[in-house]
């Protein structure tokens, strides 16, 4: 029975548009083909956690990320916005893979730094300005359950701007952000998720159910 199922899956793989899409995604991201297949299993779980429609809604994204579908969380909201490449209020599988690829350990640091810059650029101006930086500092403190006086927060923001704003225009551009990230690698330490290199191990049933032909599997 298993051999018949395997033959059927191999035949299906050769003709399946979904498999072809996965090959394209693997070619255009840091993931290989069977990792993309494993991510599809994860995507199906996330996209059916609240609304079973094959799309990840913000509530489902936040439920997976912070274990709450309603709690206010600036980082979760910003990440959802960046994952939603089509800006239509949901995350499709292709968007999920392309965005998650940024967090792969093998993705170049330059791509991670650029993504982190966009995360902080709340107003989409191409700059990180005083108020945006302050909002992110407050969000970071909140994530750690820390509370500082407004003066202390302001001091952190001013010190950061003073150090990062190399041309003195009162804001941080991408090149200045890159310089700062080079001096302080911790700025982008959360941009790498080591387990993504072993994503197939998270789904033990994946190898039995995958549409990837044996010749394409990577272990």
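Glycine is no exception: its Cβ is also placed from the backbone N, Cα and C atoms.
Here the structure is a predicted model, which means the values were calculated and not measured.
According to TrEMBL, the domain 'EF-hand' annotation covers 71-106, 108-143, 152-187.
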Would you kindly list the residues that approach the domain 'EF-hand' (108-143) from elsewhere in its chain, counting only those six or more residues past its ends and only Cβ-Cβ distances under 8 Å?
73-75, 78-79, 82, 102, 153-154, 156-157, 160-161, 170-174, 177-178, 181, 187-188, 191-192
On the domain 'EF-hand' (152-187), the mean of the pLDDT values is 95
